[in-house]
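Read the structure below first, then the notes.
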Amino acid sequence: MEIPFGSCLYSCLALLVLLPSLSLAQYESWPYQLQYPEYFQQPPPEHHQHQVPSDVVKIQVRLAGQKRKHNEGRVEVYYEGQWGTVCDDDFSIHAAHVVCREVGYVEAKSWTASSSYGPGEGPIWLDNIYCTGKESTLAACSSNGWGVTDCKHPEDVGVVCSEKRIPGFKFDNSLINQIESLNIQVEDIRIRPILSAFRHRKPVTEGYVEVKEGKAWKQICDKHWTAKNSHVVCGMFGFPAEKTYNPKAYKTFASRRKLRYWKFSMNCTGTEAHISSCKLGPPMFRDPVKNATCENGQPAVVSCVPSQIFSPDGPSRFRKAYKPEQPLVRLRGGAQVGEGRVEVLKNGEWGTVCDDKWDLVSASVVCRELGFGTAKEAVTGSRLGQGIGPIHLNEVQCTGTEKSIIDCKLNTESQGCNHEEDAGVRCNIPIMGFQKKVRLNGGRNPYEGRVEVLTERNGSLVWGNVCGQNWGIVEAMVVCRQLGLGFASNAFQETWYWHGNIFANKVIMSGVKCSGTELSLAHCRHDEEVVCPEGGVQYGAGVACSETAPDLVLNAEIVQQTAYLEDRPMALLQCAMEENCLSASAVHTDPTRGHRRLLRFSSQIHNNGQSDFRPKNGRHAWIWHDCHRHYHSMEVFTYYDLLSLNGTKVAEGHKASFCLEDTECEGDIQKSYECANFGEQGITMGCWDMYRHDIDCQWIDITDVPPGDYLFQVVINPNYEVPESDFSNNIMKCRSRYDGYRIWMYNCHVGGAFSEETEQKFEHFSGLLNNQLSVQ
């Protein structure tokens with residue numbers, strides 16, 4: 001098809017005019033670094049705001065209801081002074097595209113029927129709607145006519161839009177009403193520090209609230225500003241609360257500056273997760289006589305209270321920092337600080353929350369309770385991994401004013417729920433600037449590369465390498481978190497195959513040792529003076545990051561139910577001797593007439609994460625063991641220990657991963673790994689690997705252990721060779737009693753399944769819950 005030259009010229013000129021106005025996100029965290037050029041590779045009619053034809057009814061559209069993210073919700077239309085809904089009859093993805101563009105998103109990802117975001121109120125304005133997808137407004141699509149419908153609100157339609165915004169999109173507020181929602185992108189609002197005390201602090205906790213309009217940042221008049229507005233703004237920027245400030249200093253500053261005010265005011269209830277959910281307040285009309293928009297007022301100021309870990313002066317020195325009380329809720333399985341599966345403490349035991357009716361408001365209550373801001377996303381469908389144990393809460397419905405999730409309206413019955421429906425959150429956290437102090441170079445994609453850090457040397461900021469000596473997966477996890485790239489999938493001690501920045505080839509950090517919870521690499525322990533004998537160009541630390549990770553969890557109940565003793569002849573233990581599965585005294589045992597006493601049990605290891613568990617080494621590096629005639633893909637997959645009650649090791653064992661495979665899987669999940677015929681090894685997410693009690697090395701040699709009370713402990717993936725989303729649940733403990741002839745195992749539980757107080761009771765409780773007799 002030929003394109004008229006004039007049309008092309010007009011489009012090109014329009015593009016040249018528009019490009020300079022684009023601004024990158026004020027929000028620092030990936031993935032908000034939007035790549036604007038890809039927007040313009042799409043057909044122009046898809047992404048530009050159009051003038052509505054004069055013969056088309058003027059409407060406004062918003063996304064409402066029980067939203068889990070800002071870019072989704074029930075479709076509501078403002079027509080003839082009243083908000084109403086749209087019926088799902090004949091609705092299509094083409095209509096969803098029109099809706100999403102009308103509220104400022106590039107396109108629709110999907111649409112939902114049957115009031116999945118809750119039933120609306122008021123009239124059902126549109127039914128049997130048909131769009132081609134090219135319309136500039138929903139009002140231009142064909143339908144039964146305004147208000148002509150046979151639908152009820154349980155048929156209200158919803159949409160899920162792409163997270164990508166239309167560059168330069170402006171909210172159309174030509175319809176004057178006082179219940180209109182704002183439509184402000186998170187990158188279009190900021191807290192600008194004004195007083196010198198706040199200008200160079202991270203995070204920014206106090207300053208003017210400014211909205212970007214076109215190319216200019218504008219202040220908001222404080223005439224109609226309320227503490228509820230401040231509460232919402234602080235929550236957006238990662239702060240759990242707000243406080244009062246000194247208005248005198250700001251009044252003096254305002255009197256000396258020429259200010260440009262936004263023409264609208266805000267009217268938040270204080271329960272909103274995001275400023276875009278607030279209503280517009282009265283318009284700020286300019287006084288034509290005094291030429292003033294905010295007469296007798298000044299710019300709105302917010303002063304936010306950070307939690308202790310984000311306080312500008314450090315956790316211990318910021319006395320006024322927000323301090324959460326004894327936690328009754330926690331997050332597990334998230335890659336970033338402030339995200340994870342929601343778990344609640346009840347009767348001393350941690351349990352999960354079912355995602356029925358889970359939305360942004362309830363998620364925000366959890367986030368604030370933990371010292372973060374409001375929720376960016378209410379995560380459903382166990383997308384942050386499956387929990388273990390009970391499901392404590394269901395159908396949580398918070399109003400947004402609660403101090404804790406346990407204060408919300410909820411159902412304590414969990415019928416119909418399982419761990420595939422575990423709820424999670426992604427919370428707003430303050431911008432700390434950590435992301436700008438580390439980078440990856442030389443990798444094949446943005447998720448991998450040699451680690452380069454920015455540090456101060458001789459009064460200047462310089463980039464340099466990190467020594468790869470003793471660099472491991474825990475340190476790599478911190479780097480990936482700092483960059484907002486998810487979990488670490490690999491840690492490299494050699495990066496000679498990656499060409500880093502030639503101006504950053506000097507080692508400036510060595511001896512890095514992290515616990516795994518740090519916000520940045522600089523918070524990890526490291527050498528004061530750099531010591532890296534092998535150098536950093538070839539042996540610089542590197543990482544590969546991934547958005548998902550596996551999560552191995554041992555079934556404690558299986559261990560408790562299958563434990564028993566066996567006196568096994570040495571003649572049957574020669575292979576076990578070769579693989580060091582017996583205690584040291586076994587070398588002195590008569591190989592023909594002697595025997596060893598073995599504590600045997602079965603292990604059922606589940607992968608509850610979001611990706612497959614694969615050995616660190618490829619099959620080319622697996623080790624062949626001729627005696628057992630099999631390959632070991634991981635020389636140490638688990639540790640088995642028998643400890644005294646004070647924690648001293650009295651007997652030990654270990655299990656090499658001679659065969660990591662899918663024994664069984666949940667539901668319709670297909671097995672992917674099988675050891676037969678030198679097959680690939682691993683554990684698929686949603687599957688488990690069963691190590692039966694009757695296979696070699698599935699034991700602890702307790703021949704030399706005297707009778708008494710002990711702690712039995714199993715540690716999976718003990719050397720952190722393979723990354724996981726949660727290492728805290730890799731430990732399982734049991735109380736055990738051995739009388740010289742029989743063994744009892746009781747109170748078996750996975751690490752972190754109970755409160756610390758309950759854990760201590762388990763370790764000192766003398767009661768017996770089962771009686772496993774020895775088999776001799």
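We number each residue from 1, going along the chain as drawn.
Note that Cβ sites are derived from N, Cα and C of the backbone, with glycine treated the same way.
Note that the coordinates shown come from a computational prediction; the quantities given were computed from them, not determined experimentally.
According to Swiss-Prot, the feature Ca(2+) binding site maps to Asp551, Leu552, Glu724, Asp726, Asn729, Asn730, an assignment based on similarity to another entry. The Cu cation binding site annotation in Swiss-Prot covers His628, His630, His632, and the record cites similarity to another entry as its basis. The disulfide bond annotation in Swiss-Prot covers Cys100-Cys161, Cys221-Cys294, Cys268-Cys278, Cys354-Cys417, Cys367-Cys427, Cys398-Cys408, Cys467-Cys532, Cys514-Cys524, Cys581-Cys697, Cys659-Cys675, Cys665-Cys687, Cys734-Cys748 (among others). The domain 'SRCR 1' feature in Swiss-Prot is assigned to 61-162. The domain 'SRCR 2' feature in Swiss-Prot is assigned to 191-305. The domain 'SRCR 4' feature in Swiss-Prot is assigned to 438-546; the stated evidence is sequence analysis. Residues or ranges marked as N-linked glycosylation site in Swiss-Prot: Asn267, Asn291, Asn458, Asn646. For Tyr691, the entry in Swiss-Prot reads 2',4',5'-topaquinone. If you look up Swiss-Prot, you'll see 550-753 marked as region 'Lysyl-oxidase like'.
Taking Cys221, Cys581, His632, Cys675 as the recorded positions under consideration, the smallest Cα distance to Asn458 (N-linked glycosylation site) is found for Cys221. Secondary structure from DSSP puts Cys100 (disulfide bond) in a helix. For the disulfide-bonded residues shown (Cys100, Cys221, Cys417), fewest C-beta neighbours within 10 angstroms: Cys417.
On the backbone, the CA of Cys675 (disulfide bond) and the CA of Cys734 (disulfide bond) stand 30 Å apart. Secondary structure of the domain 'SRCR 4' (438-546) per DSSP, as helix, strand and coil residue counts: 17 helix, 40 strand, 52 coil. Taking Cys221, Asn267, Cys408, Cys427, Cys467 as the recorded positions under consideration, the smallest Cα distance to Asp551 (Ca(2+) binding site) is found for Cys427. Geometry remark: Cys161 (disulfide bond) versus His628 (Cu cation binding site), CA distance 55 Å. Assigned with DSSP, the residues of the domain 'SRCR 2' (191-305) fall into helix, strand and coil as follows: 29 helix, 30 strand, 56 coil. Rounded to a whole value, the Cα-Cα separation of Asp726 (Ca(2+) binding site) and His632 (Cu cation binding site) is 24 Å. The candidate set comprises the disulfide-bonded residues Cys268, Cys354, Cys398, Cys581. Of these, Cys354 has the most other Cβ atoms within 10 Å.
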